[in-house]
Amino acid sequence: MPVSTRASAAGGQPWSSAAPAPASAPGRGGARREILTNHHHHGLKEKMRALTLFYEQHKQQLASSQGGGARGRRSIQYAVGEVGGDENGRNAEEEDDVGRKRHDAVPAAVLRENMAPPEERAPPPPPAPPPKSSHVVVFSRQADPTEKENVSHGGIATMSCPIKKAAPALPAPAARKLSLGGGMAARLKTAGEAGAGNGDAAGSRIMVFVRLRPMSRKEKDAGSRSCVKIVNKKDVYLTEFASETDYLRLKRVRGRHFCFDSSFPDTTTQAEVYSTTTSDLVEGVLQGRNGTVFCYGATGAGKTYTMLGTMESPGVMVLAIKDLFTKVRQRSHDGNHSIQLSYLEVYNETVRDLLSPGRPLLLREDKQGTVAAGLTHYRAYSTDEVMKLLQQGNQNRTTEPTRVNETSSRSHAILQVIVEYRSIDGGSIVTRVGKLSLIDLAGSERALATDQRTQRSIEGANINRSLLALSSCINALVEGKKHIPYRNSKLTQLLKDSLGGSCNTVMIANISPSNLSFGETQNTLHWADRAKEIKTKALTTANEEVLRVTDSETDQAKLVLELQKENSELRQQLARQQQKLLTVQAQTLASNASPQQSPAPSAQISTPCSTQRKVKRSILAGNCFNTPDSKRPAAENAQVRDLQRKVKAMEAEIEKMKKEHLLQLKQKDEFIRDLINRKTSNVPEAATCERRVATRASVRKAQKDAAAAGELRSPSHRFTSPVPTAKKRTFWDIGGNSPSTLAVNGRKTRSHVAAETPKGTSMLLQPGFARQRAIH
């Protein structure tokens, strides 16, 4: 842009503020007016006057509308909207451009005013008081047709007007709300108020919950601070701590804000987590719908504790199974329920059955979805049976210690519970099938946080690979793409129905409060915030199948249902009797071990695996095996005495069988010894003569005998010297063509041993020996 000075614009004659301008010729004055008219700064003075007048008008409007508060602010927003901007205003680039134009216009106006003669100058406008805080607002302006050069592009001018500074809503530090658009916050607020109790709302999108674990002792010893704060049980504030010497990160936004359906602080119990997240899914499964609960988070964030828990505080899996059997027992009067479960894991991109370990399983797709071919399904009749199967599967699951977690899960575990409800409604059989999937994902981890160049690093790479595939599927579902990459991992293939199918899905994100794990916590919250936008298929109808039957078939179906119900009750009674038998046997063993002590009550007596059984009873609050000894009837005591007598008789019989077995072993040893002695005594003395066939086996045996007899050995220690009384076979004897051999035996064999020593000496040199000279 060319630069013009006052001297050049005035024809090279500067004016003084004290002296008047000299008179000039008419031609020269016309030239000067032509220069000023064609100059690009011409008209800025008029523009500044108009802006100042407009500013004064709006200043008066603001002063009059201060009592209205929000009404005045809305009027400014409406004025902004008339220009064509949206409700959020211009973006940062447009604001910068407008600000630069405004600052460029001020010195230009000053230059235009100084170029004018003193008598033509207008008095400057009164200075406005500086506002405490300014906000850029855009207004429309009617352009004068005679001043075309004063009209900016689009007819837009800029100015700044003071606004009332709003008080902060929370005493928290400055925070930035992520991935929340204009109406997203209101929608999430409405969904959060509804909670997880609305099953229809849960079917439209994935419900996301966040759980914060307490600070561990190791983190406290390391001097870590808490960087996570939960407000109103929904909002999560994440604060980043940085040192003052970290100059590259001083200007970064330290606060981050996330909003979820519900957030659990570190003081939340397992029962509260289950009632908020999973209890409604169990009810939906009984009605014939599918439900999925899975935990996500970094290693050591508390995923396994949330899903499995401990004996004192059981997790979501145990509480869901207990609640499921309780509700089935309450509703079994109007129909028949059957419960099947399977337990599998995804370890290093291979699917394995935890209840019956063997070779890896193959994933196949059918009408029901993705299934694992060859997976074992067990039919359970009580909570106790499910607990045994769950404990067996957890023992087969891969868990290894790492630098971060001593009991780190190295695989993704999936427990699937299939509930089938069958009832008779009029002349038809109604069957409802619901599936509940409880998934414990392995922890995402960095390679630096675990052991490098070991098996742990390979496992961590496969874990991160499957979680990355899961993130890709979530991003594709959020963006509404046609192709979802489910086949990139075995985990995503198994979760296909849970993510994009007709299923109620709940995700629990576990995070750590320590600032040492800030990166992992931030990634987990971003991942959960992204998963919040996944839309699943609405569950309008349940998985229900109606089969029409005739009257005769209806009677048969009723009979089948009654038999199945009776079978279930008998199985439960059998389980109780087995538990009682184990208790009685343990009591008998304890009384035999310490007869002088008084027998303890049956509730305190444990089986050989006493610790596990006692803890298992603490998990199942509704266990029907906790009957005290004082309430048992007399008939049961008589039965106990009969069982004790039977146990004693069996023990005596076992001792007798042991003695007989020892006696048989002794007789067997004596018989073997006699056979050996008889064999050695019946060996003829002629058999002790050496064979005349030089084989490798006979040579080795002859070497040992020669050491005692004083025979000479060759330097190679492989062949013995010939005995004077018995000569070795000749070349013809080895070939089997010797006449003496044929005459005696009448047949030719390569391994024949001559009965008599041949009279002719062999001319074949023995290896390692010199030729023998004939003695005449």
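Quick reminder: no glycine exception, Cβ is built from N, Cα and C everywhere.
Since the structure is predicted, the reported quantities are computational estimates derived from the model, not experimental observations.
It is 590-611, from the ranges 260-281, 392-413, 590-611, that Swiss-Prot records as region 'Disordered'.
Swiss-Prot assigns the feature region 'Disordered' to one of the listed ranges (1-31, 559-589, 621-651), namely 1-31. When each of the binding-site residues GLY297, GLY300, GLY302 is scored by how many other Cβ atoms sit within 10 Å of its Cβ, GLY302 comes out lowest. Just so you know, of the binding-site residues ALA298, ALA301, the Cβ with the fewest other Cβ atoms around it within 10 Å is the one at ALA298. Following the DSSP three-state reduction, the secondary structure of GLY297 (ATP binding site) is strand. Classification of LYS303 (ATP binding site) by DSSP places it within a helix.
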